[in-house]
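According to Swiss-Prot, the protein has these features:
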- Gly8, Ala9, Gly10, Leu11, Ala12, Gly13: FAD binding site (BINDING)
Amino acid sequence: MPTVNVIGAGLAGSEAAWQIAQAGVDVNLYEMRPVKMTPAHHTSNFAELVCTNSLRANQITNAVGLLKEEMRQLHSIIIQSADATAVPAGGALAVDREPFSELVTQKLTSNSHIHVVNEELSAFPDGITVVATGPLTAPGLAQAIVDLNGEAGLSFFDAAAPILDANTINEDIVYKKSRYDRGEAAYLNCPMTKDEFLAFYQALVSAEVAEGHDFEKMTVFEGCMPIEVMAKRGIKTMLFGPLKPVGLEDPRTGKEPYAVVQLRQDNAAASLYNMVGFQTHLKWGEQKRVFRLIPGLENVQIVRYGVMHRNTFMKSPVVLEPTYASKRRPDLFFAGQMTGVEGYVESAASGLIAGINATRMALGETPVIFPETTAMGSMAHYITHTSAHHFQPMNANFGIMPALTVKIRNKKERNQQLADRALKDLATFQAGMNRVEQV
């Protein structure tokens, strides 16, 4: 039986390696860290979370929550590890980031079918291979991808939010509450009056950004847009985004503030909080000056400043099959953000599919296409069937899944039925895969 190569031990690569090893197939898992680090990573652990610590919604009536549940049914290492290291986050699944990546690393390195190779590759190995090197792919391998695909792909930028020392947050001003009181009161909320918001807005739009990037020429994915870029779109833009006050009444007044900045718990000890939606590329001194204008953060200590990364992705509609296999080299699979899926969970899900299909190829079976009615299948279908000319990264969402045969006006009820259909179709599909494996 051939050994499968997996390049990159991020979320997608870790998931792919796990799926392959669980089937009893040997894996060479290549990870260049710590021999060579990237600008975004801080450790040598696998599946390190370089942006937020949130894996977003957990309810199946939300598309990313459904995606997680599908992955649970398929024994995802990423979702198993996230559930095991979860921290309070209302209706979302957020993790204590270091224990999370440490758990993934421990599970993979202790698996007898996985051989870890700490080495930077500049070419594709021979044989069945999953490439999951992420948005910060090293130049040599990036060139190999360009040479294979005949096109350079696209680039965009995303950003990480600051992380704060909880002991320096003013508890006399902030209050604990989740939006609409969903789940436990997991977020700290910094309320703003109109005057406080306007003063903050003016400081934000006039603050200096770090050198090295021309914001006017950037293609920035909406889900990770720097707060200062969002603010420059209009004075009220943030009020409909991360500073939206709806459902966050101040329990001391019973009234809804003009604006609210939310802080999400970042570790199990609750000693760190991150600023929700505050990805930024401001200079570090400016971050301290501007963010201390937020009520409750007057004396806050920033333990990790917001940073910005350059990300790259391929024109998947041109170069990939919905199995995540290359159209030009069928034994070469791609997974993760480089395929145009956007988000932690989406990246891991693509690795799960690529891992299953690499396994099937190693076992002499045909790669499978997941049902489009599932969250996993709809992502694979979208990135390989949408317009290549206008291709942009995509999060999991119900809008890319086939509509129900019956029109339902109530959004929550409609989403519930879409989720029920997805899980039923996944179970049928999974049973069919298992029958093939047993023959």
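Keep in mind that glycine also has a Cβ here, set from the backbone N, Cα and C atoms.
Comparing the binding-site residues Leu11, Ala12 by how many other C-beta atoms lie within 10 angstroms of each C-beta, the top residue is Ala12. With a cut-off of 8 Å between CB atoms and residues at least 6 apart in sequence, the same chain places Tyr30, Glu31, Val131, Ala132, Thr133, Gly134, Gly336 near Gly8 (FAD binding site), listed in sequence order. The Cβ of Gly13 (FAD binding site) lies under 8 Å from the Cβ of Val6, Ile7, Leu29, Glu31, Phe46, Val130, Ala132, Thr133, Ala335, Gly336, Gly351, each of these being in the same chain and 6 or more residues away along the sequence. Around Gly10 (FAD binding site), taking its Cβ as the centre, 30 other Cβ atoms fall within 10 Å, counting all chains. Non-local neighbourhood of Ala9 (FAD binding site): Ala17, Leu29, Tyr30, Glu31, Arg33, Phe46, Ala47, Leu108, Val116, each in the same chain, at least six residues away, with C-beta under 8 Å from its C-beta.
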